[in-house]
């Protein structure tokens, strides 16, 4: 396919048009008085959102050169979302400001490489200063504030704070769509995995359709159990102890299953069998997790262990096990706390090394099950459109809160960036490098300016006053008052602000140093009909 090439100023101008189109659509959502954007969907109702990255991903421009510019800024939003989970609109606003200011200077004859060095120097200083003014997040109230600011909803803030308090910082918090109108929190204590009983005859509570085992022994094996003779020695020992038994195996079938069910129905012996969670290597790892949590051992032929020679000493224990049709929950496993801690650290080390998003998610789940528990926020709304929008906002708030726990918080509403202004302005640089520093200075004013404009105020007046205010004092666009931002609970996670600035600078530097842009040449339409076709006027 033929290509079209644009060079230097013409190329950069075309990309800037794309940058502006995307950024202008995204930045209207910034701040407490930001507006929504409606996205057309091929199927179903349109999506209403104020999430920067969701809007950015939807935008495709007709002109291929403009589209490249738009896609680069969409990359800023996407990268910030991947690292920090929020702050995508701020990142887009910063990138647009840096690109626009930078291109003005390049057009006036400045050297792009010099500007790039200046931008990198300024951003490094700004990031260091942000880390220096960052405050660690303490207590439920602070967590609730961060979440409430991100979701623009205090009720959501309280829910997320409660979820984090209940499952701990390593716990998993997931979002589900609720059947009702209200948004609620459901917390699963202990370790839960998605496998239920193999036979409904094993249930102990017919009303709830679940099997509840108090103080049971837990047999953990990766084998398929079908021969009852293999199980008999350990079953006899458990019966003598007068306690119930949970069997976690690849499968329990045939004679073994029939014997367990018959004994349960006769009231001789209470046992519940469930299939092992996961598949392949992940199954082995999860069985090992369960064994460590309950103080048992995995009975595996790979390790030279046989079922028929198993004793009670190899079984795990827990204070309670609840098995439903689809899930098994082990509460208060009797494992050694030091071994559990070592296992958690091992999973953390694997988390740091993995590059696969899927593996990361599964490791995070395993970590949560060992360390804390699982909280489910069930999102409710009156209509499907509202539900989608609300779910997106809560997802952002959740990510924002995790980022705050990780790296602390700074004053929100763009104030933190303005607080590092003087440090960046004090950088000693000359020539084009100094121009790069000035570009960053102009860009870090932009979030405050945009928040004020979205609230219907003159941005420049707010920016100038903020430069003269003492650190931490900022403009609350929701009320129109000047307040101590952190005291008022208007905060941003340091990680979000830092990532937005770094990613914006990275893409801006790429655009400024672009000298040629290559795109596919649009094919000219040579007419739809075949020129050799006869006239069809006489056809009915």
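Cβ coordinates come from backbone N, Cα and C, glycine included.
According to Swiss-Prot, the protein carries these features:
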BINDING   29, 30, 31, 32, 86, 87, 88, 89, 90, 413, 476, 477, 478, 492  ATP binding site
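The structure, with features from Swiss-Prot marked on it.
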{"residue": "29", "record": "ATP binding site", "contacts (Cβ under 8 Å, 6+ apart)": "35, 36, 37, 49, 50, 51, 52, 55, 89"}
{"residue": "31", "record": "ATP binding site", "contacts (Cβ under 8 Å, 6+ apart)": "413, 450, 451, 452, 454, 455, 477"}
{"residue": "86", "record": "ATP binding site", "contacts (Cβ under 8 Å, 6+ apart)": "80, 150, 396, 397, 399, 400, 403, 493, 496"}
{"residue": "88", "record": "ATP binding site", "contacts (Cβ under 8 Å, 6+ apart)": "26, 51, 52, 53, 56, 77, 78, 80, 81, 500"}
{"residue": "90", "record": "ATP binding site", "contacts (Cβ under 8 Å, 6+ apart)": "30, 52, 80, 414, 447, 496, 497, 500"}
{"residue": "476", "record": "ATP binding site", "contacts (Cβ under 8 Å, 6+ apart)": "413, 482, 483, 485, 488, 490"}
{"residue": "478", "record": "ATP binding site", "contacts (Cβ under 8 Å, 6+ apart)": "32, 33, 455"}
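Across the annotated binding residues for ATP (29, 30, 31, 32, 86, 87, 88, 89, 90, 413, 476, 477, 478, 492), the two most widely spaced Cα atoms sit 20 Å apart. The DSSP secondary structure for residue 90 (ATP binding site) is helix.
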